[in-house]
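What TrEMBL records for this protein:
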DOMAIN    109-189  domain 'Beta-ketoacyl-[acyl-carrier-protein] synthase III N-terminal'
ACT_SITE  C115  active site
DOMAIN    233-321  domain 'Beta-ketoacyl-[acyl-carrier-protein] synthase III C-terminal'
ACT_SITE  H249  active site
REGION    250-254  region 'ACP-binding'
ACT_SITE  N279  active site
Amino acid sequence: MMARRSLMVGFGGYLPDRIVTNDELAARLDTSDEWIRARTGIGQRHIAGPEDNAVSMATAAAAQALDYAGMPAADVGAIVVATSTPDQAFPATAVRVQAALGMRGGFGFDIAAACSGFVYALTVADSLIRTGQADSALVIGSEVYSRILDWSDRGTCVLFGDGAGAVLLKAGDAAQPAGVLSTHLHSDGTMGDLLYVDGAVGLREQSGFLRMQGRDVFRHAVAKLSSSVDEVLAANGMTHADVSWLVPHQANLRIIEAVARKLELPPERVVMTVDRHANTSAASIPLAMNEAVRDGRIRKGDLVLMEALGGGLTWGSALARL
Ligand code: COA
């Protein structure tokens, strides 16, 4: 078998119709549009309606990614879904998506790594492809954080939104310059209580809330993401000057700006969705990729740096050439 690399060949996204503005939150919470924008860069978020769930949103995003690539669902080898808000403990979101797409072959499973979920799922899917266990893989982030938010806690509920994003990977020849170049994962479970859910999740009733020490998470995010982008560039013998686009996890504008400054990347080289999507956890990177590929910003040959940090703490980075 030739040495393989995972090419990113399809992109898709789904956002619920319902948009909730900061002003709408300020009408029922002691907060304001000014406070939320100044501290986070967030102006609005999409919130799941009764018809939306982790499976339906993931399926919609996946169908778009397949359509983009012109690949029939039947040809997909693997589905890896990153989610911290599955509709059920099992079956995995991924096998529900497999069924919804009409696939009878291949395999699927979920990954839980909170807001780092997409980088983790990409790492696993890329490994499956490079080792020959799948010739293609859908990598999906799908999150319904509105169902784990304490809507009376202004310190957390203003930060998150719902949505799903998908990237389709396909095996390519490693002799070609394109594809996922490397991925790097980290976690430190001793910091598990900085950002966690105090219960399980489910479709039927609210059974756990997201809890966060915002200031500590912020501090760790800037430090760990800065070393993480250094790590992925060094591993590939590259410098910040080689990066065409930073496609970061979209938690907070100030965290993103700190990492961009470190990379000496001007704002116009950073794909930003946090203003409109808020933090969609594992969905934020593929949603941002989808937007920037479809509007023509990210083009074939561009070098894309992805990074994320989330509950766990988990963090990581990935470098890919389109
Ligand atoms: N509206 C108005 N005031 C708010 C508020 C809101 N939505 N949320 C918190 N406050 C208040 C606090 O109660 C506090 O008031 P006090 O000084 O009277 O006690 C004050 O604002 C400052 O709170 P603090 O938490 O220190 O603010 P901060 O500057 O750290 O900003 C975050 C808070 C959450 C925006 C910031 O810590 C953050 O972005 N952290 C990272 C969170 C994140 O991205 N998590 C996900 C990672 S995947």
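First residue shown is number 1, and so on along the chain.
Heads up, the Cβ atoms here are built off N, Cα and C, so glycines get one too.
Positions of the features from TrEMBL, shown on the structure.
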residue: C115; record: active site; CB count, 10 Å: 33
residue: H249; record: active site; CB count, 10 Å: 32
residue: N279; record: active site; CB count, 10 Å: 24
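Same-chain residues lying 6+ beyond the ends of the region 'ACP-binding' (250-254) with a Cβ under 8 Å from its Cβ atoms: 39-42, 115, 159, 218, 221, 272-275, 277-280, 284-285, 287-288, 309. Spacing of H249 (active site) relative to C115 (active site) is 7 Å (Cα to Cα, whole number). In this structure, the CA atom of N279 (active site) is 9 Å away from the CA atom of C115 (active site). Here the domain 'Beta-ketoacyl-[acyl-carrier-protein] synthase III N-terminal' (109-189) returns a mean pLDDT of 97 for the predicted model. In the three-state DSSP assignment, the secondary structure recorded for C115 (active site) is helix. DSSP assigns N279 (active site) to a strand in the three-state reduction.
DSSP assignment over the region 'ACP-binding' (250-254) gives 2 helix, 0 strand, 3 coil. Note on the domain 'Beta-ketoacyl-[acyl-carrier-protein] synthase III N-terminal' (109-189): DSSP counts are 25 helix, 32 strand, 24 coil.
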